[in-house]
Every structure is written in C-alpha cells, then in structure tokens.
C-alpha cells in the first residue's frame, strides 16, 4: 500500500491535492510500537493542560497575571500538540499516510503560528516574574487583567501575521511530481523541499521570522532574568533569595524544554546534513510533544496553589 501511494504521488501533477507523510522512515517495522509512547505523552499533555485550565477557571484566587499567562500557555500547548499528534498516530497505527493539500498547509500554519505564540507567552511570563520580583508593590497595578489580555493579544496577532505569508507564498508555487514528505507532519521546510521553483525568498523569510520572533523573545527573557538576578542578590536574607528563585524555577524549566529541542531541530534542518534522518525526525516530534506534556507537570509540581487544588480534587473523589 505504501509503495502504491508513493508511486501515485510521483505520477501526479504539480497541482496534486495530497501529499504522502511517511511517518518515521528507518523505523517502519517498529512504527506500530513507537506510537504507544507518543500516544501516552499526548494523553498526558491533553489531560494535564485541560486540568490546568479547569483549575484556573474555577478558582477565582488564581485569576492573577501569572496564572492567566499559564492558561494561555496551556491553551497554546493543546493546539500545538493536537495539530500533529492525531494524524501522526493515524499514520503509525493505521497507515493513513495521505494528507490533503489544504490540510497540510493548515498544519504548517498551526505548527509555526502557535510555536511563535508559545515563545511569546514565555516572554510575557518572564516580564511578569520581573515585575513581581523587582516591583512587588506595583505588580497588580502594572499587570492588570486588561494589560495581561492585551499582551496575550499582541503575542497571538504576531504569530498569526508573521506566519501567514508562509502558507500564502507556498500555495502559489508549483510542486514537483514527488510529493513525499519523509516525516510525520507538514512543516514549512519539509513542504518547501517539494517545490519546483526558486525558494530563496521563502527560505529567507523563514529565517527572518525565526530570528526576529525567537531572537526578540530570548533577548527579553534574558534581560528580564538579569534584572531579576540583580534584584534577588540584593535581598537581605538567604531565605528570601531562595523563595524568589523558587518562583522562577518553573518558568526556567519550561523555557529549557521548549528552546533546547527547538534549537536542535532548527539547526539539523539547515546544517545537520550528517545527522541520521531518524534522529532528526524523532527530535522534530519530541519538540512538538514534550513541552506540552511537561509544562503542566512542571507547574503542577512547582506551584503550591495548583498542587493543592489537584490534591483536594483527588481527596474529594476518594472520599
């Protein structure tokens, strides 16, 4: 069946209505079993993020900037993981390798737009920690609910506007007869490799978006934490310093789980020609699934209010 689909994709015209997603090339004999840990991680990601959203929604004491930003992060994680995992599991378990042309472009849009949104939300959370630690008495007056909503809207609009040209430019270009994408989801660089035209403008724009969005966010996060570090080191007692660092630990952990796999995936796509394809594809899947899975766990363990709320919920069910 796989061979016939690949043959059909090669014989189709440049206006073919579908692509072929191979899944995880190199692990064809093990894809059925590889899908199980991915399924478990996806279930954990969906359950954890929905739990975070539910707790923040019903507990009015959590309607504060930190938790509102956390709700934005949980929503972004749900969209990001759900944009790829159902189709990937269908490929690995049911050999559903075909993806419609417009569905592929929609997947490209959601993956890149909400990756940008996630990075932006982490940047706003760094600003929240900076204001909370450096200006504790003015925190509630600076980061009002209205200000939090505006920051979230700016981050969302930035992601949508910056990524939309990806799909628009690709949709106007001719594709080669071979429409095989050697991975488990559609993303910009993988789709661009199937174009039978000069893609320098597309590649240049992709680099511009990557460096402008992630570069700006990392600069803001770094500056925020330099200022936080300076403020914390001025605190008189060691206990106060540890408490201040503790409020940032969850955020730092979430930052590392997002940017480290993303950096590896970005570099191997462009410069890692000697990296085995299976390693690259596995990291690409990890990049979109592990942060949504770990974020609610990190905040659930490290944040006392959320941890207590979850514990009370289990106690009520058990009684």
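Heads up, the Cβ atoms here are built off N, Cα and C, so glycines get one too.
Which of 148-171, 172-195 counts as transmembrane segment depends on TrEMBL, and there it is 148-171. Cross-referencing 10-28, 67-85 with TrEMBL places the feature transmembrane segment at 67-85.
By the Cβ criterion (distance under 8 Å, sequence gap of 6 or more), the transmembrane segment (30-55) is counted as touching the transmembrane segment (279-299), at least 3 such pairs being found.
Away from its own ends, the transmembrane segment (148-171) comes close to residues 65, 68-69, 72, 105-106, 108-109, 112-117, 120-121, 123-124, 127, 188, 191-192, 195, 201-202, 205-206, 209, 212-213 of its chain (Cβ-Cβ under 8 Å, at least six residues beyond either end).
Same-chain neighbours of the transmembrane segment (207-232): 112, 116, 119-120, 122-123, 126-127, 129-130, 133-134, 158-159, 162-163, 166, 241, 244-245, 248, 252, 255, 259, 262, 266, counting only residues six or more beyond its ends whose CB sits under 8 Å from a CB of the stretch.
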